[in-house]
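Taking it in order: structure first as structure tokens, then the write-up.
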Amino acid sequence: MMWENWTIVSEFVLVSFSALSTELQALLFLLFLTIYLVTLMGNVLIILVTIADSALQSPMYFFLRNLSFLEIGFNLVIVPKMLGTLIIQDTTISFLGCATQMYFFFFFGAAECCLLATMAYDRYVAICDPLHYPVIMGHISCAQLAAASWFSGFSVATVQTTWIFSFPFCGPNRVNHFFCDSPPVIALVCADTSVFELEALTATVLFILFPFLLILGSYVRILSTIFRMPSAEGKHQAFSTCSAHLLVVSLFYSTAILTYFRPQSSASSESKKLLSLSSTVVTPMLNPIIYSSRNKEVKAALKRLIHRTLGSQKL
């Protein structure tokens, strides 16, 4: 066979941003480190305030808390290794390390897609069927919906990662990305991957496009209900409860669809890296900022938390 004399790959090299100058990489390190810390602090703050404040115990904030946990996980999987490639040129990653990173990328990504759809359903019930909302979105139902979102991430991550790393890697080991995403890793496989690529497309449609269509359908019904409300105040109040989620969904899915539904030949590897940066680094930072700035209840809860903290320090 043509691969008999090739060396079996035991580690990979992340190309990351090695084409840039050392000075520019240092600037990117400072930028991404700042974004990373802001992301962690912002999402931890959302988690704390939705747990501690009695006014934020509704299903909407339960799901928001789950979203913040997912965003923290997403960042921990991708950003620390990327920072290492920028500041100390630590571009190598073991075979197991690459598989682990890819597994959790799939896990958090699929779980977030499903959770965003669940959050849209919560807003749909709250606005379109408010009388039955307490029954439909009870504690047990919310826990089941959240668990289903997390479990969806487990299933797709297990199937995809196990399949990819069962292929032989016996040639080049340079992954043209800043993390172990599936397309650049699959490009290094020395076997026929056509069946896997068909399955991967099916999984992408199922876990990205299908939840997006559910969200779209929910918001069509929500907007239709809002426009039929008689009072301007009622319209404003109803829309304000879902505007933050709608903005988060727009950011998340615009980059996801551009990244995974464009033909492989239509975009350069550098533009794909920029899109991936937007979805894996920038969006997780913006989510807590969006919710804390556009949601009146979250803003009020943050003010109460700050006042309590400052008051306890004075004592």
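In case you wondered, yes, glycine gets a Cβ from its N, Cα and C as well.
Membrane topology from Swiss-Prot places L131 together with R221 on one side. According to DSSP, the secondary structure content of the topological domain 'Extracellular' (77-100) in residues is 17 helix, 3 strand, 4 coil.
Through the fold, the transmembrane segment (56-76) approaches residues 36, 39-40, 43-44, 46-47, 49-50, 104-105, 107-109, 111-112, 115-116, 118-119, 122-123, 126, 137, 142, 145-146, 149-150, 241, 248, 280-281, 284, 287-288, 291, 297-298, 301 of its own chain, all at least 6 residues removed from its boundaries and within a Cβ separation under 8 Å. The highest tally of CB pairs under 8 A with the transmembrane segment (101-121), across 27-47, 141-161, 199-218, 239-259, 273-293, is held by 141-161. Shown are the disulfide-bonded residues C98, C190; the one with the most C-beta atoms within 10 angstroms of its own C-beta is C98. Of the ranges 27-47, 141-161, 199-218, 273-293, the one with the most Cβ pairs under 8 Å to the transmembrane segment (239-259) is 273-293.
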